[in-house]
Each structure stands twice: as C-alpha cells, then as structure tokens.
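First the structure, in the form of structure tokens, and then the observations on it.
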Amino acid sequence: MCVVVPQGLRSVKHIILVLSGKGGVGKSTVATQLSWALYNQGNKVGLLDIDLCGPSIPRMMNVENNDVHQCSDGWVPVYTGPDQRLGVMSIGFLLHSKEDAVVWRGPKKNAMIKQFLSDVCWGDIDYLIIDTPPGTSDEHITVVENLKTCHPDGAILVTTPQGVAISDVRREITFCKKTKIPVLGIVENMSGFVCPHCSECTNVFSKGGGEALAKECEVPFLGCIPLDPNLTMNIEDGKSFSDLLSNSPAVESVNSIVTKISHATSQNQT
C-alpha cells in the first residue's frame, strides 16, 4: 500500500504535539518557549497553532500583524526574523480582526486543520511544534489521523501542580495510548514562583504532582517550569526569554527540557 505523507510535512524531521487536559495551564507558553529554545540551539523550527477558537500564538511570537502569503505549493508561514529559521502558522493570521470569533462546527474545523497540515510550506525544518486546544476533541483526532503517515515523535503533556489539572492529564495519557502517539513526557508548569528581585524560587502552590503522575503512568518526566514574572513580561512582548533572562530558573528549566526532548527525538531518528 502506498503511504502518502502530506506535501507540506515531507521535509519535516521531527513532529511534536503539545497537549493539555484543561485550559489555563500554560500550554501555549510552553509551546512558544520550546520553539524559541530549539531555535536558539540552531534548529529550523515551525510552530503550528491549531487552537482555532483561541489563537494566541501570533501575539506570543510578536507576529500578529502579519499576513499569510501564497506560493505555488501553498501557504508560506510567517517568520519571526529575516533568517527564516522560525516559522509560525495560525488561523489568527487569516482573521479580519483580532476580535473575530471562530464560530465553526466540527467539519469546518477539521477541514481547516487538514489544510494546515497539508498546505503549509514549512520547507526543510528540524522540528514542527503543534500547539493544540485543551482537552481531547475532534481537532485532536483530526490531527492524529492526518499525521499517521508522518510518524510523529510524540506528545508533550503540560500540567500544573494542582490535583484537578493532574487528573485531566491522565485522560491525555489515555488518549495518546488509544491513538498510538508516544508520550515524550510531562511538563509541570507554574511549579513554584521566582522572586523578581532575588530570583529565589518559592513553592507557593503544591509541587511534584506531575512527576508523581509520570512515575505512576510510567511516562518520562521532563521537568518543572516555575512562574517567573519576567518571563510573563517577555511573552507579552513576544520576545524569546532565553536571550534576555539567562540566569532565570525558568530559562534553565526550559533548556533542560529541550535537551531531554532533543535526546529523545534523536533516538527516534536512529
């Protein structure tokens, strides 16, 4: 049987999904900062936002006032800089206004996602990070079904230390098992608070729930990312935090997580 890989993904080396069981856990923040960190390591990176009803990636990457252009092979992603090593695609670029709401039924959403996966000309890139909506819905099933022939490297599951968020991650793990998507690991976001004055990290919430869940479910634990007010400010400005806050515990955590992801994906390649 002939295996057909979507045209836009034929030169993509590694595909990683970013999932969360519920909203508000910082999934898009993790997706953007992982993309920046991979970029800063010298990789060519694509960031695809398929959260159709809440497209926050364009603003977080400081590219929201750009337009998507067409080429002979499809859509050209919006690049963050002239080196064209970090490209972004989101429905946010296709809306007339930032205030426009996407009020679509499932079939239209699914068709849009299929078009994103097949018609975006990513070119020869090392990583494609796919930021998904929270939960498990039609959008997730559409993504997984259309990526089957690409054999994605796996999914990163984002949670916070609270019990409610952690219990929702269990459903994400079950979803990955049912759809045969490997789990690259769990990231515990908002784990501790970094003082903006002394950079000391204090556990204002509970801590360690993500790591305990990873052990229980026998999936890798990638690390904890603390709350850092400076990181929040940089995200609001659409900046790569790792260039500006090299001594931040949050930067150290993200870089450590990226190292683990790079190691896992390189093993998949071999």
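Counting begins at 1 with the first residue displayed.
Yeah, the Cβs are placed from backbone N, Cα and C, and that goes for glycine too.
Taken from Swiss-Prot as is:
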| type | residues | note |
| --- | --- | --- |
| BINDING | Gly21, Lys22, Gly23, Gly24, Val25, Gly26, Lys27, Ser28 | ATP binding site |
| BINDING | Cys195, Cys198 | [4Fe-4S] cluster binding site |
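Sequence features, as recorded in Swiss-Prot, placed on the structure.
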{"residue": "Gly21", "record": "ATP binding site", "Cβ contacts under 8 Å, 6 or more apart": "Pro134, Gly135, Leu157, Thr159, Ala165, Ser167, Asp168, Val169, Arg170, Arg171, Glu172"}
{"residue": "Lys22", "record": "ATP binding site", "Cβ contacts under 8 Å, 6 or more apart": "Pro134, Gly135, Val164, Ala165, Asp168"}
{"residue": "Gly23", "record": "ATP binding site", "Cβ contacts under 8 Å, 6 or more apart": "Gly54, Pro134, Gly135"}
{"residue": "Gly24", "record": "ATP binding site", "Cβ contacts under 8 Å, 6 or more apart": "Pro134"}
{"residue": "Val25", "record": "ATP binding site", "Cβ contacts under 8 Å, 6 or more apart": "Pro134, Val158, Thr159, Thr160, Ala165, Asn189, Met190"}
{"residue": "Gly26", "record": "ATP binding site", "Cβ contacts under 8 Å, 6 or more apart": "Val158, Thr160, Asn189, Met190, Ile225"}
{"residue": "Lys27", "record": "ATP binding site", "Cβ contacts under 8 Å, 6 or more apart": "Val18, Leu19, Ser20, Asp131, Thr132, Pro134, Val158, Asn189"}
{"residue": "Ser28", "record": "ATP binding site", "Cβ contacts under 8 Å, 6 or more apart": "Val18, Asp49, Asp51, Ser56, Ile57, Met60, Asp131"}
{"residue": "Cys198", "record": "[4Fe-4S] cluster binding site", "Cβ contacts under 8 Å, 6 or more apart": "none"}
Local backbone state of Cys198 ([4Fe-4S] cluster binding site), from DSSP in three classes:
coil
Residues within 8 Å of the Gly21, Lys22, Gly23, Gly24, Val25, Gly26, Lys27, Ser28 Cβ centre (excluding the ATP site residues themselves)
Ser20, Pro134, Val158, Thr160, Ala165
Three-state secondary structure, Lys22 (ATP binding site) (per DSSP):
coil
